[in-house]
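Visitor: Dumping the structure here so I can ask a few things about it.
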Amino acid sequence: MKRKIIAISLFLYIPLSNADNWESITKSYYTGFAISKTVESKDKDGKPVRKEVITQADLTTACNDAKASAQNVFNQIKLTLSGTWPNSQFRLVTGDTCVYNGSPGEKTESWSIRAQVEGDIQRSVPDEEPSEQTPEEICEAKPPIDGVFNNVFKGDEGGFYINYNGCEYEATGVTVCQNDGTVCSSSAWKPTGYVPESGEPSSSPLKDGDTGGTGEGGSDTGGDTGGGDTGGGSTGGDTGGSSGGGSSGGGSSGGSTGKSLTKEDVTAAIHVASPSIGDAVKDSLTEDNDQYDNQKKADEQSAKASASVSDAISDGMRGVGNFVDDFGGESSQYGTGNSEMDLSVSLAKGQLGIDREGHGSAWESFLNDGALRPSIPTGHGCTNFVMYQGSVYQIEIGCDKLNDIKSVLSWVMYCLTFWYVFQSVTSLLRKGEQ
């Protein structure tokens with residue numbers, strides 16, 4: 001039986017020892033409380049004495065309660081965590097001891113001690129093994145190459161491509177090609193990450209001295225001596241000098257009809273590429289200067305805004321002046337014209353019957369405290385205000401002074417009330433616009 005227990009222990013230990021790495025998800029402090037218990041005893045005189053006591057055992061119980069609280073929280077959120085990390089395992093790690101804010105003891109009144117323990121909820125993180133690279137990733141990671149290659153083909157967007165060592169390369173940098181575009185030299189052939197399918201032609205670099213390809217009728221020996229599509233075969237290469245094939249296959253005619261890069265090819269390629277290279281250099285060193293256009297547009301907008309503000313101020317001032325001017329019309333001191341204020345005044349006078357001379361008009365209400373005075377209560381008379389009557393320090397304030405003070409205070413309260421109402425209305429209007 002003992003051996004079975006040991007075997008089971010080893011079986012459980014091995015997976016845990018080889019477990020994945022663990023990372024913390026959340027850390028929190030969990031709390032338990034030790035509440036004092038009432039203990040009754042008697043003093044020396046035999047009188048009953050009550051004490052509130054907390055022992056070390058109570059602190060241990062409070063610590064266990066804090067750990068149980070952490071376990072309850074872990075059990076509640078474990079299902080949610082499993083949905084977030086379905087391939088992970090979860091565990092709760094708590095401290096061995098708790099932190100208390102007091103010590104065991106006794107007091108005359110009820111009291112408590114708080115026990116706190118830190119709980120760390122963790123999840124397993126599997127060791128990620130590097131996956132094998134795909135053929136596309138292998139091709140894309142290869143470094144650029146340079147040189148002259150045959151079997152070059154042109155892409156849909158006009159670029160030149162080769163299939164070399166099982167990967168596709170694109171010609172970048174300075175590129176020079178023959179007239180037919182099947183042989184090109186580039187300063188940088190960069191891999192595109194594309195893997196050619198079986199059956200697609202592959203390219204090979206042309207070494208120094210190679211002036212031809214392996215076209216029809218040509219061979220390796222024909223290429224070495226100038227053969228090509230029409231170059232000599234086995235006798236037009238190394239044996240061309242003795243059999244006469246060299247003069248017609250690899251000799252004078254082989255160079256002109258083969259796949260070599262001639263002086264004319266290089267000159268033509270440079271001539272074609274020069275404008276684009278010049279434009280690219282110019283674009284990289286310069287940029288369009290639109291500062292003048294932007295400044296002109298900004299000046300025009302500023303002028304329009306200034307004119308609009310000036311006209312609005314002028315119309316407003318003229319309208320206010322015409323409203324308070326006794327003469328108006330052609331004899332007005334503020335100029336003539338139908339401003340927005342003038343139209344508003346005409347509407348107020350003609351349709352609403354509001355005149356600045358009338359009782360309760362807007363103009364008089366804002367500036368004259370007597371406009372609304374008839375509606376304000378005036379009281380039931382006035383008597384002199386007397387302090388310390390009959391003494392040497394008697395102070396007496398007459399009704400005339402009291403009336404003046406009352407008038408001033410009522411005017412102040414009226415202004416404050418109007419200002420409060422005005423602020424409230426404008427604040428509501430601003431909020432409505434937003």
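Glycine too: its Cβ is placed from the backbone N, Cα and C atoms.
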Visitor: If you pull up Swiss-Prot, which of C63, C139 shows a disulphide to C98?
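Guide: According to the record, the bonded cysteine is C63.
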Visitor: Under an 8 Å Cβ to Cβ limit, what residues of the same chain, 6 or more beyond the ends of the region 'G1 (Gly-rich linker)' (89-107), are close to it?
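Guide: Here the qualifying positions are 19-20, 22, 25, 30, 32, 36, 39, 51-56, 58-59, 62-63, 66-67, 70-71, 74, 78, 81-82, 113-124.
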Visitor: Calculate the per-residue pLDDT averaged over the region 'CT' (252-434) and state the result as an integer.
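Guide: Mean pLDDT across the region 'CT' (252-434) comes out at 68.
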Visitor: Three-state secondary structure of C63 (disulfide bond) from DSSP?
Guide: helix
Visitor: If I take the Cα of C177 (disulfide bond) as reference, which of the disulfide-bonded residues C98, C139, C167 has the closest Cα?
Guide: C167
Visitor: Under a three-state reduction of DSSP output, how is C167 (disulfide bond) classified: helix, strand, or coil?
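Guide: In the DSSP reduction, C167 (disulfide bond) maps to strand.
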Visitor: Do me a favour and check the Cα-Cα span between C139 (disulfide bond) and C63 (disulfide bond); whole Å is fine.
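Guide: A Cα-Cα distance of 61 Å.
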